[in-house]
Amino acid sequence: MNSTHHHGMYTSLHLWNRSSHGLHGNASESLGKGHSDGGCYEQLFVSPEVFVTLGVISLLENILVIVAIAKNKNLHSPMYFFICSLAVADMLVSVSNGSETIVITLLNSTDTDAQSFTVNIDNVIDSVICSSLLASICSLLSIAVDRYFTIFYALQYHNIMTVRRVGIIISCIWAACTVSGVLFIIYSDSSAVIICLITMFFTMLVLMASLYVHMFLMARLHIKRIAVLPGTGTIRQGANMKGAITLTILIGVFVVCWAPFFLHLLFYISCPQNPYCVCFMSHFNLYLILIMCNAVIDPLIYALRSQELRKTFKEIICFYPLGGICELPGRY
């Protein structure tokens, strides 16, 4: 087994390794046909320590988000419950990827034949990662629908999005995504699974784009209608628009971090022997790093966009003996 194949194992996902393994074969074929033998065909190596470090950072950040939302009753709203679901999904994707890197590195450093055990561990962790990816997509869609209701059905919103209903939605999301993730890994040898994942990703983008075009085109009209009513409708509507903008940023980061991976899958099933596709697929490990970066960036977005969340973060952090961090100015 050559070194590049060992490096490819750090990416691990059984479903995703399948495309990585195919990459080496296709690269060899391309080289055999006379193409340049530049480093573009070599699988990009990323140190396992990078995966582990990002996994630990993501774990700490997203736990902080979950604890903050649970602790502060002012954050007990549908949007933040969906954000909590997204934080759990982000954390599982990043931590599972880092954990699998550790497991494979340890197994590769031993002389014993642990191939069967490695495959079983891969399947379990890959199921978690796949389920979490689906949950991330569904959570983002749920937040988008929630923002849509707050803007277009502001007066009926609290009757539509009750805490009980939100809890049922989140439970159904995770139940469906868990079953789907397990099935995807079981049938990961089929190209239909990859096509299904790619279709889900791009369908999500189309739905989001359609929703936001309608949302922002009509938002001003609804703001004007709410403004003529007594009370604090204008203030409430402004807060709702801020939430919609926050979601826009989250979706933008999600697309930037996940699109290269889905393009990798798309190229694998559409042009696996094309030298340009092979060159793009040789950076597979980098695309996994981008995925883990998404889990690290999202909590920072929550904090930057929510003063209430920043305040709760500080209260939680100051609970621990972290030196003079509590002496920082109250203003962010």
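Positions of Cβ are set from backbone N, Cα and C atoms, glycine also.
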Of the candidates CYS271, CYS279, the one Swiss-Prot records in a disulfide with CYS277 is CYS271
Would you say whether Swiss-Prot puts VAL119 on the same side of the membrane as GLN307?
no
Checking ASN26, ASN97 against Swiss-Prot, the one recorded as N-linked glycosylation site is ASN26
With the fewest other Cβ atoms within 10 Å, the residue among the binding-site residues GLU100, ASP122 is ASP122
- Query: Do at least three C-beta pairs under 8 angstroms join the transmembrane segment (249-271) to the transmembrane segment (166-186), pairs 6 or more apart in sequence?
  - Reply: no
